[in-house]
Amino acid sequence: MSKTSVIYPGTFDPITNGHVDLVTRASRMFDEVVVAIAIGHHKNPLFSLEERVALAQSSLGHLSNVEFVGFDGLLVNFFKEQKATAVLRGLRAVSDFEYEFQLANMNRQLDPHFEAVFLTPSEQYSFISSTLIREIARLKGDVTKFVPQAVVEAFERKHQQGW
C-alpha cells in the first residue's frame, strides 16, 4: 500500500488552536501531513513567512509525520509537485463549504487527480479565525485560549515593536 499524504494549505497568520486541532487529527488519518504555508502576498500578512513557519513548527513539531513548507503560486501546482493524495480544508460554517466546494471543483478542472478532504473543527474551535485573532490581539485583547503559547509571545513581540 502506498503512503498517503495530505497538504493543509493556508496563510496561518497566525496559526490557531483550530489549525492545530485539524493537523493533529489529520496526522492520525494520513501517513504524512504537509502544512503548506502560503506566502500570501495578496493578504499582506502580519507575520513574515519565516515567522509563520516557525510558529507552526513550534505548535506542531511534536507530531513526527508533519512537515512545514512555505509555498507560492497555485495550490493545484503545489499538489502535483508534492505528489499528494489530497488537500485538507477545514469547514467552520456553511459559508466555508460554499467557497471550498467551488475551489475544489476549479482545482479538479485544472488537475483531474486533485482531491479535497474536508474536516470540521472540534466544537470549541468552530468560531476561531486568524483574522479575528489578529484583530483581538491588535486591540490588546487576551487570545491565550485561541492560539498556542508561541503565538501569544509573537503578538507580545509585535506590540513591543509598535504594532
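Yeah, the Cβs are placed from backbone N, Cα and C, and that goes for glycine too.
The record from Swiss-Prot ties T11, F12, H19, G90, L91, R92, Y125, S126, F127, I128, S129, S130, T131 to ATP, and of the options E81, E100 it ties E100 to that site too. The 10 Å shell around the Cβ of H19 (ATP binding site) contains 24 further Cβ atoms across the protein chains shown. For H19 (ATP binding site), the nearest neighbour among the binding-site residues K43, L75, R89, judged by Cα separation, is R89.
Among the residues T11, K43, L75, R89 said to bind substrate, no two Cα atoms are farther apart than 18 Å.
With the fewest other C-beta atoms within 10 Å around its C-beta, K43 stands out among the binding-site residues K43, R89.
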